[in-house]
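Reviewing the structure listed below.
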Amino acid sequence: MDRNIAADLGADEAADGGTAGGPDAGADGGTAGSVRSGGLAGAPGSAFTTPYGPAPVRVVVADDADGVRELICLLLDMEPDFTIVGRAANGAEAVDVVAQTGPDLVLLDVAMPVLDGIAALPRIRRLVPGARVVVFTGFSAYTVRDEAVALGADDVMEKGLGAGPLIDRLRAVCARSAPAG
């Protein structure tokens, strides 16, 4: 039985010594608005390839809830086919981080301060038209799905999704053909 992502937070913080940023979160502890690169080149099962073979999917995670954002980063960092290249605590930061990093995948919360995820979505699409954008929401996915998809989201997922299904759905989104742009 999969655990709920929020339920994973306590276990993951305890496992890494109590820091939500993890041992390799960077000098700033992986705070919002940070940009970090790294990962395992040639990761098996990656949807992206380079002239040298498969490459990890480069991910930006944008969520105003620090614990949720860092938990998702920890979950994805444990997978060899994903690497976190940036974090953001609001839609404006997400747009800036995406412009700096050119990720393959953006995981975007809906309800964020400064600029919400729905307003940030078309800006992100213009910056990285070939990237996958997944809207991640605490609301029912049905309440935002139509608008998010109309603005270019590749998928809409609820935050109550367990860790395993979340990873599986993100892999499925990344395996699809790149959006036309």
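In case you wondered, yes, glycine gets a Cβ from its N, Cα and C as well.
Taken from TrEMBL, the feature compositional bias 'Gly residues' applies to 18-32. If you look up TrEMBL, you'll see 58-174 marked as domain 'Response regulatory'. Annotated 4-aspartylphosphate per TrEMBL: ASP109, in sequence order. Residues or ranges marked as region 'Disordered' by TrEMBL: 1-33.
Neighbour count (other Cβ atoms within 10 Å of the Cβ, all protein chains): 26 for ASP109 (4-aspartylphosphate). In the three-state DSSP assignment, the secondary structure recorded for ASP109 (4-aspartylphosphate) is strand. Broken down by DSSP into helix, strand and coil, the domain 'Response regulatory' (58-174) contains 56 helix, 28 strand, 33 coil.
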